[in-house]
Amino acid sequence: MFFKRPNAVEFNETELRKAIEKYDINMATKPIIIPEKRWNMWGGLYYAGTLYTTIGYGDMAAETVWGRIFTIVYAIVGIPLMIIILNDWGTGMFHAVDLVWKKQFNFVVHRTKSLFHSKYRDGSKESFCNSSVSQVSKENPPNNPDRSEPIPLCLVAFVLIFWIVLCSAVFLFFENWTFFESLYFFFISLTTIGLGDFTLSSNAAVANFLPILIGLSVGSMAVNVIQMQLEILFTKIAELIDFDFKVNLSKSGDDVQPALSTTPSRKDNDVVKQYRSTMTTADKFLLRFLSNHQIKELNEKFDKRAKMRNKGTQTKSQIG
């Protein structure tokens, strides 16, 4: 009997559940359900996919000791390899989209912006997808003609949403689900949450991991786009600091002063805040992701230019 050992330390809830289930079957109070044999070639591939993608739906699990040991070893080796593959796929996808964007769409975007600015030159509003930093002073800031427009974040978000909706519609034909259930299943799978309340029933379930891997690659591409946007934003702010320095040096008189105080009491993000007020909404959003090292470099560059302006002003005053 299961309760022949009353020691509470040896109590096992799993064994108790198995004993109760066995009792119900023997007493014919619970129908006998013959489980579908899933440990075949397709089932093994499906189980492997739930491991290296870290989804883990929970509908399949190793039951033997050696199976669990191999699961641990496979996960230790497979998960890092999967991360490397996703990074390579995301980088390749980023270069492909960037190439298409530069050759096909960049010309259209430049033409549209030129027409827009020529028509609404006075008091025009800035576009969200425009990544350029606005004027800091009355003079026009530097504009590098060799720099092409980067891939906008809104385009990457559109591609990711389109892929989620498309894959959800595909799963809708294979399973007896509503569109919301299919969308819910793919989102839970894409985010590697894998609750297991919805799983694919056919042998084609192993094909589920291909669209998931592509979706994860799109997410990796989005990270690459954000990194590129941050590098461009950092370069723009640095160029504007140099531009302000040249403009202030060109002014006559003794009233040339640094834009911000160079005393030690100045906060580390004062320079970024100064240019933040002239940025677009997209650039303000990206500022949140600038690293402390990048902000420190911008502050040091600004302090260096401010000291040079002060030195030039003092020299000019002595000569006068």
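Cβ atoms here come from the backbone N, Cα and C positions, even for glycine.
Remember, TrEMBL labels are computer predictions, not curated facts.
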Range annotated as transmembrane segment - as stated in TrEMBL, picked from 39-56, 183-200: 183-200
Within the domain 'Potassium channel' (37-91), residues counted as helix, strand or coil by DSSP: 39 helix, 0 strand, 16 coil
Surrounding residues of the transmembrane segment (206-226) on its own chain - C-beta under 8 Å, 6+ positions past either end: 42, 45-46, 49, 53, 55, 85-87, 89-91, 93-94, 97, 150-151, 153, 156-157, 159-160, 163-164, 167, 170-171, 186, 189-190, 200, 286, 289
Summary of DSSP states over the domain 'Potassium channel' (159-230), given as helix, strand and coil counts: 56 helix, 0 strand, 16 coil
Long-range environment of the transmembrane segment (65-86) - Cβ separation under 8 angstroms, sequence gap at least 6: 48, 51-54, 213, 216-217, 220
